[in-house]
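Asks: TrEMBL feature annotations, pasted as is:
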DOMAIN    50-436  domain 'Ammonium transporter AmtB-like'
REGION    1-20  region 'Disordered'
TRANSMEM  40-60  transmembrane segment
TRANSMEM  80-99  transmembrane segment
TRANSMEM  111-132  transmembrane segment
TRANSMEM  144-166  transmembrane segment
TRANSMEM  173-192  transmembrane segment
TRANSMEM  204-222  transmembrane segment
TRANSMEM  243-263  transmembrane segment
TRANSMEM  283-307  transmembrane segment
TRANSMEM  319-335  transmembrane segment
TRANSMEM  341-362  transmembrane segment
TRANSMEM  374-394  transmembrane segment
TRANSMEM  414-438  transmembrane segment
Amino acid sequence: MQALPPKIPASVSGHGTQSRRHSLDWSHIGLPSRETQLRAGFVPSAAVVIVIFVGLFFGLTQYTELGTNAQEEVDRFYKYLVDVNIMVWIGFGFLMTFMRRYGYGAVALNYFASALMFLEAILMIGATQQVFWNYHRTKIQIDIALLIDCAFCAASGMIAFGAIIGKATPTQLLWLLFWQVPLYALNQQLVIHTFKALDMGGTIVIHLFGAYYGLAASLMISRKQPLHGLDNPKNSGAYLNDIFSMIGTIFLFIYWPSFNGALASVSAGHMEEATDAKKAAQFLSIVNTLLSLLGAGLSVFATSALVGGRFNMVHIQNSTLAGGVAMGAACTLRLTPGGALAVGLGAGAISTLGFQYLMPFLDRTIGLGDTCGVHNLHGIPAIVGTLVAGLAALGQHPDYLEHDTGRQQLGYQVLAGVVTMGIAIAGGLLGGFVVSWFNPRGDDPLTVPELFDDGPWWEHQRVEPMPISTSIHLSNMSAHGKSHHNQSVSVGQLNPIREGREIAVSGVPATGQRSVGEIAVTMQAAPVMASSAPVMGMHAAAATPIDTPLFADGHAMENAARPVQPMVAGAGNV
């Protein structure tokens, strides 16, 4: 009969009142205490932002004077505000739940960050449009059209969030997105009011700006962090996660025509003097966007099967929406139905190829960790859409344009795209550098096991140990003086040492001499069985799926042959 494993002392685990699963789970040993970091970093940051918001809302804002037009304002805009909010809070939130260990962060931090950016945008966009330019008012007047603009700003922030998700702490995320709002407001003013670019659906000001701001911030945040990209085993999906992510995709697909046409209507008071182009703008926005989305859906499935031999869920979740991005700038133009369909077909294929080839290339060569692939869904299709609007303008009646000729419109479309990318990249690099460098409390940066994991931040969650192959991979890079994207890997990144404890990224100790009393975690030899965890990212024919945690719940945990045990050098089992 096999002997029972020795009981782990509560004094060692520090969780004597926890469940048996937690008493056997040593993945948290040696990792920083994030509870302290949240209380001392995130909470004061949020408090400062809240105080600023309350003061400025009381002092600088008021509701607009509508009079008899109040109901018309609601009828004209409120439905579209709801549709855009559904895209921001449900669509983008659930789209990012594909990561098997970051579902809480994807939905809930999206919830928090969208609310943060929405409120700040009321102040920043309101001040930009009404105080500094255009109306020169003394107070910001809040109406539903302004709220839709603010929801667009939040959408741009969630696009940027997709590039840094899982790699930034909540405090870093807060300040990065806080910094994005004034840049967004400034860029929107330049693109729409100064350059007079065609961009009713936000191809330039929302998608292009958000994508390259997030990519630049991601490059700065993760420049010294190994395994921040595609080679991290936690940066991957699982069966149920991918289904939840498809919920976000379908919500985005359904409401994208409303997103592009939300502000394209004409008020009843201006209907008589409005041109036919202005009267048709919302209709054209809806039908052009829908046809483009449908075209992208067809081309993505075909392209995915062509390049991979099978359908790839990442392509389906993301690239099928590229038609909506690419049509945002040209949606108010009088395109032919075939032309709108062709834009979607091309955008879907280009986005799929980006996921298949360009994304791994950039990750491998320059270390551009793009967690959700926003470059392929938003960045590249936005560049395509900017050019589509400019080229389509060449054959349009001047009433459909913002400039006198199609050639002028094309020039300003290109100028708007270049300026947007410049502001976004410069702002993202600066913001990413500041949040990764400015650390007055000396908070620990995210360690390798904490990347793409809800464990550090959420109640009742633990950091999942990495596969053993990760330790071997990083140890080999460290031994040869190499690491991911030519960065040096320090011992602290591989095996964080806190209070005399050490743990390797996989839950097994790194090789080498240890001093007496140094505590490590090791995996005891155990026979391969169906309930055991995968080793080195591989498993036998009867083993559990690849996305099963190293320490499973329930029956598998209770019947594990030899659980993780603490080891003291030279003293055997505790």
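Cβ from N, Cα, C; glycine included.
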Asks: Between the stretches 173-192, 283-307, 319-335, 414-438, which one has more Cβ pairs under 8 Å with the transmembrane segment (341-362) than any other?
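Replies: The stretch I would name here is 283-307.
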Asks: Other than its close neighbours in sequence, what residues sit by the transmembrane segment (414-438), given a CB gap under 8 Å and a spacing of at least six beyond its ends?
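Replies: Contacts of the transmembrane segment (414-438) (Cβ under 8 Å, skipping residues fewer than 6 from its ends): 160, 164, 168, 171-172, 175-176, 179-180, 183, 186-187, 190-191, 195, 197, 199, 204-205, 208-221, 223, 382-383, 386-387, 390, 445.
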Asks: Between the stretches 111-132, 204-222, 243-263, 319-335, which wins on the count of C-beta pairs under 8 angstroms to the transmembrane segment (374-394)?
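Replies: It is 319-335, which has the most Cβ pairs under 8 Å.
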Asks: Against which stretches of its own chain does the transmembrane segment (111-132) lie, if we need a Cβ under 8 Å and a gap of at least six residues from its ends?
Replies: 49, 53, 56-57, 60-61, 88-89, 92-93, 138, 140-142, 146-147, 149-151, 153-154, 157-158, 161, 173-174, 177-178, 180-182, 184-186, 188-189, 193
Asks: Residues sitting near the transmembrane segment (40-60): Cβ under 8 Å, six or more positions beyond its termini, same chain?
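Replies: For the transmembrane segment (40-60), the nonlocal Cβ contacts are 116, 119-120, 122-123, 127, 139-140, 169-171, 174-175, 178, 441, 443.
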Asks: In terms of Cβ proximity under 8 Å, which residues at least six beyond the ends of the transmembrane segment (319-335) contact it?
Replies: 197-204, 206-207, 249, 252-253, 256-257, 259-261, 264, 277, 280-281, 284-285, 288-289, 292-297, 300, 303-304, 343-348, 350-352, 354-355, 376-378, 381-382, 384-386, 388-389, 392-393, 396-397, 400, 413
Asks: For the transmembrane segment (243-263), I need the partner stretch with the highest count of C-beta pairs below 8 angstroms, choosing only from 144-166, 173-192, 204-222.
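Replies: It is 144-166, which has the most Cβ pairs under 8 Å.
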